[in-house]
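Engineer: Got a structure here, written out as structure tokens. Questions coming.
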Amino acid sequence: MVKFLLLALALGVSCAQHQNLEVSPSEVDGKWHSLYIAADNKSKVSEGGPLRVYVKHLECSDECQTFTIKFYTKVENVCQEHRVVGRKGKDGKYITDFSGQNYFHVVEKADDTMTFHNVNVDDSGKTNVILVVGKGESSSIEQKQRFEKTAEKYDIPKENIEHLVTTDTCNQ
């Protein structure tokens, strides 16, 4: 019986670590900036990678059943603007197409920052990506440390973390 209870507790803690946080339009709508990004497949978020995104604006509507993201990517140092609309699925994750199928949700909110977890599925397989965006264009040591802990929860090595502020030259 004790083993069963310990297993149930471990499963509950594991699920709680990957829960979807609810957001409201007042928390989301407006200008945002990408601060950090990381992925279990680092090439996807390295300079020139298809999932290295520079977020500029977020908006949710219909009680956050849809989530619109305006962002840029860079191809050969040329900024390309994109706008995607994620629709909330029954599991609470938003679904959209960009460089494959994407399933994303907010995993942390704090100090004018939000952290997203995204699962990108394309022809090469599945990639776990985490991204932290902020209302400001800089980040603190504490924010980076929180991001490192979040990366660890998703089995993304610290060395796969990319600081985006210094490489964001789009729409300035």
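Each Cβ is built from the backbone N, Cα and C atoms, and glycine gets one as well.
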Engineer: In Swiss-Prot, Cys79 is disulphide-linked to which residue out of Cys15, Cys170?
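Structural biologist: Among Cys15, Cys170, the cysteine that Swiss-Prot links to Cys79 by a disulfide bond is Cys170.
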Engineer: Have a look around Cys79 (disulfide bond) and count the other CB atoms within 10 A of its CB, chains all included.
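Structural biologist: There are 14 such Cβ atoms around Cys79 (disulfide bond).
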Engineer: By a simple count, how many Cβ atoms lie within 10 Å of the Cβ of Asn41 (N-linked glycosylation site), its own Cβ left out?
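Structural biologist: Summing over all protein chains shown, Asn41 (N-linked glycosylation site) has 18 other Cβ atoms within 10 Å.
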Engineer: Among all the protein chains here, how many other CB atoms are within 10 A of the CB of Cys64 (disulfide bond)?
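Structural biologist: Total other Cβ atoms inside 10 Å, all chains included: 18.
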Engineer: When a 10 Å sphere is centred on the Cβ of Cys60 (disulfide bond), how many other Cβ atoms does it contain?
Structural biologist: 21
Engineer: Cα within 10 Å of Cys170 (disulfide bond): which of the recorded positions Asn41, Cys60, Cys64 qualify?
Structural biologist: none
